[in-house]
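Everything below concerns the one structure shown next.
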Amino acid sequence: MFETAVRKEIDENRQGEALIIEKEGRKPAAGRLLYIESYGCQMNFSDSEIVASIMMDMGFTTTGNYKEADVIFINTCSIRENAEQRVRNRLKEFGASKLRKPGMVIGVLGCMAERLKAKFLEEEQLVDVVVGPDAYRDLPNLIGRLDEGEKAVNVLLSREETYADVAPVRLGGNGVSAFVSIMRGCDNMCSFCVVPFTRGRERSRDPHSIRREVEGLLENGYREVTLLGQNVDSYKWASETGAEAMNFAGLLEYVAEVSPLMRVRFSTSHPKDMSDEVLEVMSRHENICKYIHLPVQSGNSAVLDRMNRTYDRAWYMNRVEAIRRIIPGCAVSTDIICGFCSETEEEHQDTLSMMDHVKYDFAYMFKYSERPGTLAARKYEDNVPEEVKSRRLKEVIEKQQQHSRLRMEQQLGKVQKVLVEGPSKKSDQDLCGRNDQNAMVVFPREEGIRPGDYVHVLAERCTNATLIGKLVQ
Ligand code: SAH
Ligand code: SF4
Ligand code: F3S
């Protein structure tokens, strides 16, 4: 009875739902079903957990099957043309479901929503709601408007929003490792990049709320957190009175001190800001993983200048040298863009020689994709032919494969401390987890070992991406 009455009131007046929940002290028994799918960077996946939390407070339940959902959210990425294309293709599939299930709501969230704004509603007729990354608190209102038959858009960016007080609902994780967002937005203006336009100004989250979130995760059995920001090294927080302030080195230490059992990772570091102070904190704390993602983009100073990265080849090499000096054995990974505007063959060779110099453990490698509205789109011509971009990318990938292999081989014969994540992808007779340097390690299952345990594994064999070994005491 209760359920029917509530449903009716909700359907007649969605705005009333929050009131009903508060009045009755409980959520409507059978909430509507939400399906949420995420694209792009870890920050988008982390945002989806905020969105799920806000929607569940409204009485929604999440489902893994979009065909049965009442609301489908797609949290989108604009970083490259093909990322947007993938979203549009997926929207077609969701649209087909909507035609079979009238009343279904399709919402576009995240960076593509921010980039295209209300234009999205014209371009994709089956989309009902468009919500930018700083507007998720407005979802109850937006969903309410939909229920009254309107389409709804909120793409306002904020200078303050960090969702510090929203407890994320962990979606699809392994129960061992979680993302914790420490800042939002980006104040750098790399000429190729759309992020400052889609995510707005940089702002840092209150360190106490970050630490509380990590403590909560520890209590719930999590053993690894990854602190997320577009440029974690520029984390900068001050209390309102100014009496208390913290930089990234301070935050890292503050979080590492939660428990020696909790591993701490972070991403992404920016070469221009990565300080020795941060490296020293890393070397002092056993539970801060010895792994740094330090995107180089190009090994050539003139290209870096056109990219507006604000460091040059020598500066980057100096930062790598500092890592090697202060944290021996630290793994380093990177991002590389091939075929940026006017990139010459010599400039490309400098990227290859930078790779030889650093011998990255891992790399994400891309062809340059011009993004509308960016500095590069306005100032430079996207003039490296497609086949040249492809060939350069292929050379970069081949080199990286050799280096990944080399880095793996260097671990053979050594004992790895592994945080167990669960069964390996290939066989449930094996377990897997990551070592300190972020390499995946696979080993035979043994009675009594559970996800979240730390074990020691002697690395005996490897592929380019995985160490294979046996348990040791
Ligand atoms: N904040 C991070 C990067 C975020 S975007 C940093 O500054 O390093 C992730 C990666 O996507 C970038 O490092 C870059 O290598 C790549 N990327 C960004 N814009 C791109 C574009 N227009 N074309 C191709 N790759 C791009
Ligand atoms: Fe984009 Fe540069 Fe900001 Fe990274 S630092 S998000 S590449 S503008
Ligand atoms: Fe993509 Fe936005 Fe992240 S453009 S990479 S989802 S910040």
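Using the three backbone atoms N, Cα and C, a Cβ is placed for every residue, glycine included.
Over in TrEMBL, the protein carries these features:
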DOMAIN    32-148  domain 'MTTase N-terminal'
BINDING   C41, C77, C111  [4Fe-4S] cluster 1 binding site
DOMAIN    172-407  domain 'Radical SAM core'
BINDING   C186, C190, C193  [4Fe-4S] cluster 2 binding site
DOMAIN    409-473  domain 'TRAM'
C193 ([4Fe-4S] cluster 2 binding site): tally of other CB atoms within 10 A of its CB: 23
The binding-site residues listed are C186, C190, C193; by CA-CA distance, the one closest to C77 ([4Fe-4S] cluster 1 binding site) is C193
C41 ([4Fe-4S] cluster 1 binding site) and C186 ([4Fe-4S] cluster 2 binding site), compared by Cα position, are separated in whole Å by 14
Taking the centroid of the Cβ atoms of C186, C190, C193 as the [4Fe-4S] cluster 2 site, which other residues of that chain lie with their Cβ within 8 Å of it, listed in sequence order? N188, M189, F192, V194, V195, P196, Q230
Please list, in sequence order, every residue of the chain apart from C41, C77, C111 whose Cβ lies within 8 Å of the Cβ centroid of the [4Fe-4S] cluster 1 site. Y39, G40, M43, N44, T76, S78, I79, A83, G110, V195, T198
Tell me the Cβ neighbour count for C111 ([4Fe-4S] cluster 1 binding site), meaning other Cβ atoms within 10 Å of its Cβ, over all protein chains shown. 28
Write down the Cα-Cα distance for C111 ([4Fe-4S] cluster 1 binding site) and C190 ([4Fe-4S] cluster 2 binding site), rounded and given in Å. 17
Note: in the chain of C186 ([4Fe-4S] cluster 2 binding site), residues six or more apart in sequence with C-beta under 8 angstroms of its C-beta are C193, V195, P196, R199, E202, Q230, N231
Within the set C41, C77, C111, C186, C193, which binding-site residues show a CB-to-ligand 2 distance under 6 A? C186, C193
Where ligand 3 binds, which of the binding-site residues C111, C186, C190 are close by, with Cβ under 6 Å? C111
For C190 ([4Fe-4S] cluster 2 binding site), what is the tally of other C-beta atoms lying within 10 angstroms of its C-beta? 22
Please give me the CB contact count at 10 A for C77 ([4Fe-4S] cluster 1 binding site), counting all chains in the structure. 22
Taking DSSP H, G, I as helix and E, B as strand, the domain 'TRAM' (409-473) contains 1 helix, 35 strand, 29 coil
